[in-house]
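Q: I'd like to ask you about the structure that follows.
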Amino acid sequence: MTTDTTGRTGNPAAAASPDRFRYGFLKGNPQLTKNGELKHLLSIEGLPRSIVNHILDTAEQFVSVTDREVKKVPLLRGKSVFNLFFENSTRTRTTFEIAATRLSADVLNLNINASSTSKGESLLDTINNLSAMHADLFVVRHASSGAPYLIAEHCAPHVHVINAGDGRHAHPTQGLLDMYTIRHYKRDFTKLRVAIVGDILHSRVARSDIHALTTLGVPEVRAIGPRTLLPGGLEQMGVKVFHNLDEGLKGVDVIIMLRLQNERMSGALLPSAQEYFKTWGLTPERLALAAPDAIVMHPGPMNRGVEIDSQVADGPQSVILNQVTFGIAVRMAVMGIVAGNSD
């Protein structure tokens, strides 16, 4: 869904069009071993349903760890996890750190502002140096789409890479935790109508969610938003597009709200935040148009009074905080699975 491309240099360049995503220098599926096992998690696109379900099933086993007096299992004891966040994050970085710690891994958070990359060192030189320190797993967030693919191609063979968000392209662990949340409350994906609302054009979460939902057999995925914030190509993916929020919400079982990604916008795509809320904000009245037992989700950070009303965010149908809780178990599952697979 995005044509952001990556050069073979240390500083990937993001192109403007969001319609396709291809890396011509990669052969086959770079996420999988020769035996079809998950070695890296770079995108949900192209993953077999069996692998997605395996991650969700494994996460279900880890949820109970949170309730233990000692919140640890020894799965990654002796392994080193490097969190490489070239783009700011609070929620994602923290949950990855907690997840790795609960797996008994040694965790290092690279201070990008104080690292050699801020002094002109290329991305690949940084990765090669960290690989030489016998890192086992890189968790990477980068502003340029494709950066985790570049790292996965060039890192040492023993290193595993998890994409924690790259540009507008993908946020696979968020997509997986969203799927876990939906499965927890709704169980059967094949009977659901799911609406994704808001700034889909700039949202890597939306892309990952759409790929995950279609992979898991959801029969109706709706994209709802203003024309200026919807990418092309949605219909070709089997997504129903709505430019009216009230129409799009009718009868849906799951609502995934997205914030406005102002930091990724170039030019004025909307009149104002206040006007946006009047037309596109999820209020109790609009929520009533959905199925009576519909759940409301949000990947965060959440902007109250812009895309969602506080009464909805804090209401009985909101599962937003549970998404955060489930996210730890899902990231534990992903790290545990990839670290156990190698060519």
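Glycine too: its Cβ is placed from the backbone N, Cα and C atoms.
Look at Swiss-Prot and you will find Arg91, Thr92, Arg141, His171, Gln174, Gly300, Pro301 tagged as carbamoyl phosphate binding site, backed by sequence analysis. Among the features that Swiss-Prot reports, L-aspartate binding site is placed at Lys119, Arg204, Arg259.
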Q: May I have the list of same-chain residues other than Arg91, Thr92, Arg141, His171, Gln174, Gly300, Pro301 whose Cβ is within 8 Å of the Cβ centroid of the recorded carbamoyl phosphate site, in sequence order?
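A: Output for this site, in sequence order: Ser89, Ala164, Gly165, Val205, Pro299.
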Q: How far apart, in angstrom, are the most distant Cα atoms among the carbamoyl phosphate-binding residues Arg91, Thr92, Arg141, His171, Gln174, Gly300, Pro301?
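A: Result: 16 Å between the two most distant Cα atoms.
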Q: Can you tell me which binding-site residues out of Arg91, Thr92, His171 are within 10 A of Arg204 (L-aspartate binding site) by Cα, answering none if there aren't any?
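A: Cα within 10 Å of Arg204 (L-aspartate binding site): His171.
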Q: Gln174 (carbamoyl phosphate binding site) to Arg259 (L-aspartate binding site): how many Å between their Cα atoms?
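A: Just about 14 Å between their Cα atoms.
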Q: On a simple 10 Å Cβ count over all chains shown, which one of the binding-site residues Arg91, His171 is most densely packed?
A: His171
Q: Taking only the binding-site residues Arg91, His171, Pro301, which one has a CA atom nearest to the CA atom of Arg259 (L-aspartate binding site)?
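A: Sorting the binding-site residues by distance from Arg259 (L-aspartate binding site), the top entry is Pro301.
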Q: In sequence order, which same-chain residues at least six apart have a C-beta under 8 angstroms from Pro301 (carbamoyl phosphate binding site)?
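A: Correct list: Thr90, Arg91, Arg259.
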Q: Inside 10 Å of the Cβ of Arg259 (L-aspartate binding site), count up the other Cβ atoms and send me the figure.
A: 19
Q: Based on DSSP, name the secondary structure state of Gly300 (carbamoyl phosphate binding site): helix, strand or coil.
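A: Gly300 (carbamoyl phosphate binding site) sits in coil per DSSP, no helix or strand.
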Q: Ten-angstrom check, please: count other Cβ atoms within 10 Å of the Cβ of Arg141 (carbamoyl phosphate binding site), all chains counted.
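A: Excluding its own Cβ, the number within 10 Å is 24.
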Q: Where does His171 (carbamoyl phosphate binding site) sit in the DSSP three-state scheme?
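A: In the DSSP reduction, His171 (carbamoyl phosphate binding site) maps to coil.
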